[in-house]
């Protein structure tokens, strides 16, 4: 099928995935143009942000592939739609996932609309590891072939109506295959490391970054028995299930069993810890989720059973979903689950199909 009249704007990040995606689209006879999004003003964040290097890499790839590269600054929109939420949720003691919100508000809303309306594109494309399939006139989001790299977890806020204008060119490939292709076509980014950490922070320590924006109030670290064993540096620095960086070495207990964060008490500004990753105080029988999105609303009939992930790259867990109201659902796990973290997202699956998801409002503790 000749697609030379179909225009695609691909989000170029300067990485190997978007670069190979652009190459695939060119080979499939699309009219391809790239777009580099500047979502963060890095003038004061040189320690954290790699945007300048990423832009340089994107420019070099586009030059080699002979495609035009648009450069757009969405940093104001990112601050208002993503970063302010990120800070507010941390202040509430939750652990948000800004990359999911970035996909929803920036990549698949602001960028999507800019490409379709301003640049008159037929499609947008990204280097995400996910797949889109059409069946009986409807579009479905599926896991990638490379389950280790599958990014459908980050894409659950999409709607079926959007999917018809979105392309994920490498969703059917393994990451190793993508790198091999990049080498064969002579892309210098073939061996570029995958981005790590939150997009605007990079691999640096998040707590150092957050200290620039949130006033840290130190407080007590206490055991479930009420014993004070140390001081925390601000509740936003910790997440449920965390074991490293607690600074409580040498306290009494079974020295062979590590300590974990099991609760953050905002009212008393205390961090509560217990020993063992399967400690009953860390386990949950379910959760309450908010900000729900179903990719294909008409396919959802309550109650129903499916699989779910409460964090990226987690093995799917079986659960039952019950309707509470138009804004909340109750999720009950088949077996207790450790480290359910308010602020993170739970994403639902029926085998390989991503049904949608929501933000974890609260957990239903085992004890």
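Indices start at 1 and increase along the chain as displayed.
Glycine residues also receive a Cβ, built from the backbone N, Cα and C atoms like all the rest.
Of all the Cβ atoms in the protein chains shown, 23 others lie within 10 Å of the Cβ of residue 11 (ATP binding site). Summarising the annotation, Swiss-Prot assigns ATP binding site to 11, 12, 13, 14, 15, 16, 17, 18, 37, 127.
Look at Swiss-Prot and you will find 102 tagged as active site, nucleophile, backed by sequence analysis. The Cβ neighbour count for residue 102 (active site, nucleophile), using a 10 Å radius and every protein chain shown, is 23. Secondary structure from DSSP puts residue 102 (active site, nucleophile) in a helix.
Annotated disulfide bond per Swiss-Prot: 102-199, in sequence order, evidence recorded as sequence analysis.
Summarising the annotation, Swiss-Prot assigns site 'Interaction with tRNA' to 128 (among others) and lists sequence analysis as the type of evidence. Sequence-distant neighbours of residue 128 (site 'Interaction with tRNA') (same chain, six or more apart, CB under 8 Å from its CB) are 17, 144, 151, 154, 155, 168, 171, listed in sequence order.
Per Swiss-Prot, active site, cysteine persulfide intermediate is recorded for 199.
Positions annotated as site 'Interaction with tRNA' by Swiss-Prot, on the basis of sequence analysis: 344 (among others). A strand conformation is recorded for residue 344 (site 'Interaction with tRNA') in the three-state DSSP classification.
The Cα of residue 344 (site 'Interaction with tRNA') lies closest to that of 102, out of the recorded positions 11, 37, 102. Taking every pair among 11, 12, 13, 14, 15, 16, 17, 18, 37, 127, the residues listed as contacting ATP, the largest Cα to Cα separation comes to 16 Å. A helical conformation is recorded for residue 17 (ATP binding site) in the three-state DSSP classification. Here the recorded positions are 17, 344, and the one ringed by the most other CB atoms within 10 angstroms is 17. Taking the Cβ of residue 15 (ATP binding site) as centre and 10 Å as the limit, one finds 20 other Cβ atoms among all the protein chains shown.
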